[in-house]
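So that you can see what the record holds, here are the features copied from Swiss-Prot:
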ACT_SITE  C50  active site, thioimide intermediate
ACT_SITE  D57  active site, proton donor
BINDING   Y72, E73, L74, H91, E92  substrate binding site
Amino acid sequence: MSKAKLDDSTQRPLYGERIIEESKIICFDNPNKKRIYEISIQLPEFTCKCPFSGYPDFAKLSIIYQPNLKVYELKSLKLYINSFRDIKISHEEVVNRIMDDLVNEGSPHWIHLNAAFNPRGNVSMQLDIFSGQKKN
């Protein structure tokens with residue numbers, strides 16, 4: 001069992017906003033490196049802020065990937081995704097940043113990130129980004 005990160009000032013475990021602020025994507029070894037398989041992760045409560053109005057934007061993120069040597073640890077991924085909650089950033093920029101971080105940390109054979117943003121002002125938006133070569 002791993003030890004929880006401690007707040008330097010209080011020596012209490014980091015919780016809530018403080019642990020989200022320090023979040024990063026963590027990976028662990030792929031338990032079956034010889035097998036080609038896909039993992040699908042759904043993150044239905046993504047939020048960030050519009051860089052122009054400051055209003056919140058909501059999206060459902062879907063990640064499908066074929067792991068190479070590493071797989072993503074889900075709690076760290078959740079906290080990393082939650083870290084965008086108060087950041088003013090465009091849809092295009094945030095989805096590309098998330099994809100860059102996923103590729104840099106996990107180096108999957110292939111990955112697809114879909115972001116389906118909720119309608120605002122009668123306009124909805126969906127972004128799809130791919131990286132790598134899908135293996136059969």
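Cβ coordinates are placed from backbone N, Cα and C, and glycine is handled just like the others.
Keep in mind that this is a model prediction, so the values were computed, not measured.
Overlay of Swiss-Prot annotations on the structure.
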{"residue": "C50", "record": "active site, thioimide intermediate", "Cβ within 10 Å": "14"}
{"residue": "D57", "record": "active site, proton donor", "Cβ within 10 Å": "22"}
{"residue": "Y72", "record": "substrate binding site", "Cβ within 10 Å": "22"}
{"residue": "E73", "record": "substrate binding site", "Cβ within 10 Å": "16"}
{"residue": "L74", "record": "substrate binding site", "Cβ within 10 Å": "12"}
{"residue": "H91", "record": "substrate binding site", "Cβ within 10 Å": "17"}
{"residue": "E92", "record": "substrate binding site", "Cβ within 10 Å": "12"}
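A 10 Å radius around the C-alpha of D57 (active site, proton donor) takes in these recorded positions out of C50, Y72, E73, L74, H91, E92, in sequence order: C50, H91. C50 (active site, thioimide intermediate) falls outside any helix or strand according to DSSP and counts as coil. If you check the binding-site residues Y72, E73, L74, E92 against C50 (active site, thioimide intermediate), none has a Cα inside 10 Å of its Cα. DSSP assigns H91 (substrate binding site) to a helix in the three-state reduction.
Put simply, the two farthest-apart Cα atoms among Y72, E73, L74, H91, E92, the recorded binders of substrate, are 25 Å from each other.
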